[in-house]
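Below: one structure, written as structure tokens.
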């Protein structure tokens, strides 16, 4: 049942995790009962192919704490040492917590006292810097918010802390989430751990790079048009964009409010499932958050030992024809087609389908997102929010503060959005884009009536060179073609590593995007988990990590 991906690279030592398939098991019981091998964080990755499959770092940490083989202080110390060791090369963090070790020591005191450990005790989590944290700066990657410290935690962060997680730091991003390479940060450019001369993707490039380089266990990002999924593909990690409304947006700095979603990064499907369980659910502070019950995502995952020969028998999979044609790199197409063949091998019924509205998504997205941004970012004026520049007349303060605080990309999108909303152009641009959005939603609804999941590449290419597209914004925007339609439709999507293309010192990872109907994250995670377990050599780590 195993399937060999092309060009296998560095593989971590095998660590097997038996995840119960019983739906009656609670997450806490699941974690207390998890049996993992004793491989530690300090174990160097082998340069040879191993037979292991991706396993849960979260459950491994928890098992180590409960068995008292290791302390939370030791685990946190190793992650922090690695973070500081590679940070000068990766530059994934804008701020690193000063209290992480103290929080780890508190976990050790809980263990010593025999107290029940919270779900994420001792787990170091990176948080994208457009998600508010009360104890660290939250800048949105913009100089206009340099030094800003919110008076509250975002709901997703609060839920992480309540589950025992240690927020290790704030990760870099394109300013206010507007970008696809993290080159648009107001502070620094993040590098891809697979090749330091290449971008990690964006806008959540810092969160993806931090997980890829093992600077933290898991991380939070935000996804407005692909900002979790594209970096996950570029950095060779798992990335989840939930259904719009599944996770509260309270405390997320608004870019495009009808599209923004907080998502998750991890090195395995199991870790992403556990993280998503923690942050999901209704929040009275966000009127757009759903009141639907949150499934136990972790208990949807079946261990490799319990799989039959065709674990996905009968699952209908639609390969989106428009995503494997002109404009998509041949190596990416090959990797995705190989992944599709593997799904067939697992019992899926594969069909190539067409989404006629697919090409309309990109222009509609940029009109709608820019229009919403022009409204949302009006609050950053040096008076209500943001660093004030100049004095005198109020209009002068507004102008100087925004001119000095915003970067070029943000200014351009504000201008585009204001133009699209202006009198005489509203019907031609904004209204028409909303009509296209409705058409896209209908196309996806029709496709999901005939298929259980849809698949495509997560990006038309692997990671490209830093600076390669900075002077060609249209080429940069075109890279979002695979992902923006999902945001316009409000659907959940998962990206899982599926292969490599040539490039860099050890190849460049490629991600498979899996799309499901609204609020069917459990289906995505179940399929993704089986896919990653049965795809041999998919447990890849970047050479940067292997060198340290």
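Keep in mind that glycine also has a Cβ here, set from the backbone N, Cα and C atoms.
Keep in mind that TrEMBL annotations are predicted by a computer and have not been checked by a curator.
TrEMBL tags one of the stretches 22-53, 54-85 as region 'Disordered', and that stretch is 22-53. Proximity of residue 227 (active site, acyl-ester intermediate) to non-local residues of its own chain (separation of 6 or more, Cβ distance below 8 Å) is seen for 173, 174, 177, 180, 202, 203, 204, 221, given in sequence order. Averaged over the domain 'Amidase' (77-525), the predicted model reaches a pLDDT of 97.
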